[in-house]
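Taken from Swiss-Prot as is:
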- Arg23, Glu81, Lys120, Lys465: (6S)-5-formyl-5,6,7,8-tetrahydrofolate binding site (BINDING)
- 217-389: domain 'TrmE-type G' (DOMAIN)
- Asn227, Thr246, Val248, Thr251: K(+) binding site (BINDING)
- 227-232, 246-252, 271-274: GTP binding site (BINDING)
- Ser231, Thr252: Mg(2+) binding site (BINDING)
Amino acid sequence: MTHTTTIAAIATPVGRGGVGIIRLSGPKAYAIACALTGKESFTPRLASFCRFYDANNNVLDEGLVLYFKAPHSFTGEDVIELQGHGGMILQNQLLARVFELGAHQAQAGEFSYRAFDNDKLDLLQAEAIADAIDATSAAAASSAIRSLTGAFSNKINEVLEALIELRLYVEASIDFPDEEDVDFLSDGVIEGKLQRIQQQLTTILSTAQQGQLLRDGVHVVLAGRPNAGKSSLLNSLAGQERAIVTDVAGTTRDTLQETIVLNGLTIHLTDTAGLRDTTDAVERIGIERARTAINQADLLLLVYDLSQEVDPLKLASELFGEGIDGTPNFDPSKLLLIGNKRDLVEDKGESANKLADKADILGYEQVNVSCETSQGIPQLIASLCDKVGFHPPENSLIARTRHLDALRRTQQHVDEAHQQLVIYQAGELVAESLRQGQYSLGEITGEFSADDLLGRIFGSFCIGK
């Protein structure tokens with residue numbers, strides 16, 4: 001699509017820096033660069049050292065000009081990059097002059113949107129740009145770059161082509177039932193192709209689920225009675241003294257958040273106030289916030305003191321209520337029992353696992369640790385990753401919630417097509433289910449996308465990208 005306006009924005013982070021970059025894209029970009037510098041021409045892809053002048057021919061700054069001639073640019077339009085000195089005063093003065101010469105302020109993600117609009121990249125690749133910038137771990141950054149280079153798109157397009165081909169095959173079977181060279185619905189060919197597509201979707205969905213964990217991380221909450229060692233555990237996992245630790249019960253009175261990376265997984269860790277009955281107004285507010293955090297957690301680490309011979313399941317029942325079967329009213333898949341102060345128990349020659357068997361039998365996993373000696377911490381990290389299903393493949397791909405939603409809807413439509421074929425031999429319904437599956441899968445790369453979806457996606461980008 002041809003855009004009639006020329007957009008500009010500062011492309012480097014706000015603040016002091018050695019270099020500040022202003023990016024322009026659009027039909028006037030080249031002319032603006034010439035007017036700004038007094039030069040008559042620029043050679044594409046060759047850096048030119050220039051001075052930048054205001055309307056009165058005063059020097060605003062000096063630096064490099066890079067010219068990317070359409071369509072051989074990021075956006076597919078004429079693109080100019082002005083590389084001057086960093087610092088907001090110089091950058092804002094230079095940008096204001098660019099606006100005087102006819103450019104408009106770029107909106108969030110507008111450069112990437114134009115690249116998408118001009119078929120320089122698909123929606124998956126555009127999102128991967130933002131995900132690479134926002135990555136909180138090396139694994140997430142690497143996965144985003146793989147998606148940016150088209151690895152994820154290639155997998156989606158392969159299945160999309162198979163869906164289109166199969167849909168055409170089914171429609172041909174309906175339209176030409178008497179042709180000898182066209183197979184019918186009952187010959188097994190269509191079912192075989194459907195099964196292969198189902199297998200491909202299952203594999204891609206599994207990879208995408210790992211990619212979503214890489215991108216978003218998980219929200220993990222530490223909870224338990226006062227003085228159980230929650231804050232000490234947060235410090236152990238964070239590798240630094242983030243929470244105040246004392247022998248006084250109730251030291252933590254509010255939630256404390258820390259983002260850490262363990263085994264490649266980003267964990268948004270929240271320490272909470274100890275759960276108990278209290279008349280202290282401030283502590284009660286902290287406990288209310290703790291329960292709110294617990295309800296929103298992807299995983300709860302229920303910390304208890306091994307030296308106090310606490311039954312963790314009884315503790316969980318006291319804190320969260322008891323089900324009709326006598327077990328805690330809390331989903332075992334979202335709960336990890338953490339026996340702390342293991343060193344104190346073992347120093348006495350006692351076993352730290354005396355209650356573990358009971359918990360395991362009932363489906364509640366227990367890990368015993370010592371924040372003092374770091375015993376059990378590696379096992380806790382491994383159990384945490386396993387609990388949330390984090391097992392990324394070597395060549396993982398970044399993914400978002402909308403990708404998973406689209407993949408699941410595609411799976412549902414393909415499963416429906418298989419059912420219509422095997423049970424009812426209903427060719428028209430098979431073709432319709434395949435059409436819906438094709439549409440759902442195409443949403444991922446942007447082949448089929450509503451304008452409001454595109455607005456939400458590109459609106460979340462930073463200015464200048």
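Every residue gets a Cβ built from N, Cα and C, even glycine.
When the Cα of Ala273 (GTP binding site) is compared against those of the binding-site residues Arg23, Glu81, Asn227, the shortest separation belongs to Asn227.
In space, Arg23 is the closest of the binding-site residues Arg23, Glu81, Lys120 to Asn227 (K(+) binding site), judged by Cα positions. Across the structure, Lys120 ((6S)-5-formyl-5,6,7,8-tetrahydrofolate binding site) and Lys230 (GTP binding site) place their CA atoms 50 angstrom apart.
Calculated from their C-alpha atoms, the gap between Glu81 ((6S)-5-formyl-5,6,7,8-tetrahydrofolate binding site) and Lys230 (GTP binding site) amounts to 51 Å. For the pair Lys230 (GTP binding site) and Arg23 ((6S)-5-formyl-5,6,7,8-tetrahydrofolate binding site), the C-alpha distance works out to 48 angstrom. Here the C-alpha separation of Arg23 ((6S)-5-formyl-5,6,7,8-tetrahydrofolate binding site) and Ser231 (Mg(2+) binding site) works out to 46 Å. Each of the binding-site residues Asn227, Ser231 was scored by the other Cβ atoms within 10 Å of its Cβ; the lowest score goes to Asn227. When the neighbouring Cβ atoms lying within 10 Å are counted for each of the binding-site residues (Arg23, Lys120, Lys230), the highest count belongs to Lys230. In this structure, Glu81 ((6S)-5-formyl-5,6,7,8-tetrahydrofolate binding site) is part of a beta strand by DSSP.
Mapped onto three states, the DSSP output places Arg23 ((6S)-5-formyl-5,6,7,8-tetrahydrofolate binding site) in strand.
Cβ-based neighbour count (10 Å, all protein chains) for Ala273 (GTP binding site) stands at 27. Take the CB of Glu81 ((6S)-5-formyl-5,6,7,8-tetrahydrofolate binding site) and look out to 10 A: across all protein chains shown you find 21 other CB atoms.
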